[in-house]
């Protein structure tokens, strides 16, 4: 272990009454819920970028964090890895996630950047063997460098498309080498600032071609993980093409990839798109493309994607209810795509932020499991649609408009509204929180 987190103990479960801030109150990794441990249900992962690469800047000010690993050398990249895996061990998280740019210095050429990535992932492999920590997913940063200012796959310059494709290949290779369970595509610059200089049809076709190549390369190389798209409506672009789950599904259908690609849904991105987190999860489940989640929260007053650590247990209970209804995670998990506030300078802040987030998620999942096991919500849902399971409902599904019109006249059908009982169900949910 490094000395960055010196005097901070390994985090253990001590129960809800503990006064020890460096302990879990709700997350007992070995606790069995619905036949599975919380560790296996939640599949926690730490995000390398926010925890170890973000300098603490915002649109109005620069760096506030002073980390001993900040710099552009392989030596510092390895120090960063030492500290990262130290934190993973102290928290007991089973997974981590990274972009290429988070973990290796940028080279003067693509070949040099790739060599740096290969070297640091060799170092990661040693760390992973020593600690047992695994890779939930890898991805490519195709949005920070100025070459990507007009997009990656959707860029008007074919050379940027080529550079992006090569970068994705190198990151998929790194993910496969480390046994990553997913590969994520987030199109931060895959959108537009103005329609005045944008050929949307062309850009959409380019994005489709890139995704097809990603899927082809997955099969060619035998990558056993899941390809995931992470929706977001805007920021940093005015409009992003993978706006939300529904938009992504339409895109996948258009290119015949709905059976190949799933979604990684972020709480903050759902809010930016005008949805609740549970809406996006429920829709992904209904469409058969639910894959993984990025857990965080937004400041609802500012309207920005603030990437704060989650702390709202009722919100998380409703989210994990949809995750459990989807059968839980397969290759996916709960990645903390969350960052400290820029005034939270101390090493302890980074540990405590994750402790609080993990506890809140555990409390939310246990509440969701209790709701599901109790069965009252599902029973109410089934009762509401019971008419479609027999008799008239089944007949309507195999009839045409003329037949149904004749039926309404013959039977004198004159339907009367029934209560949706929303308040009753909301009261029921509060019983478990």
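For all residues, glycine too, the Cβ spot is worked out from N, Cα and C.
Within 244, 294, 359, the residue that Swiss-Prot lists together with 230, 266, 337 for binding Mg(2+) 1 is 294. Excluding the listed site residues 230, 266, 294, 337, the same chain places 186, 264, 265, 267, 268, 269, 293, 295, 296, 335 with Cβ atoms within 8 Å of the centre of the Mg(2+) 1 site Cβ atoms. You'll find the Cα of residue 230 (Mg(2+) 1 binding site) roughly 9 Å from the Cα of residue 269 (Mg(2+) 2 binding site). Summary of the Mg(2+) 2 site environment: with the site residues 266, 269, 305, 307 set aside, the chain residues having Cβ atoms within 8 Å of the Cβ mean position are 232, 267, 268, 271, 272, 294, 296, 298, 337. Its Cβ taken as reference, residue 305 (Mg(2+) 2 binding site) is surrounded by 20 other Cβ atoms within 10 Å in the chains shown. For residue 99 (active site), the spatially nearest entry among the binding-site residues 269, 294, 305, 307, 337 is 337, judged by CA separation.
Cβ neighbours within 10 Å of residue 99 (active site), excluding its own Cβ and spanning all shown chains: 21. Of all the recorded positions listed here (102, 266), it is 102 whose C-beta has the fewest other C-beta atoms within 10 angstroms.
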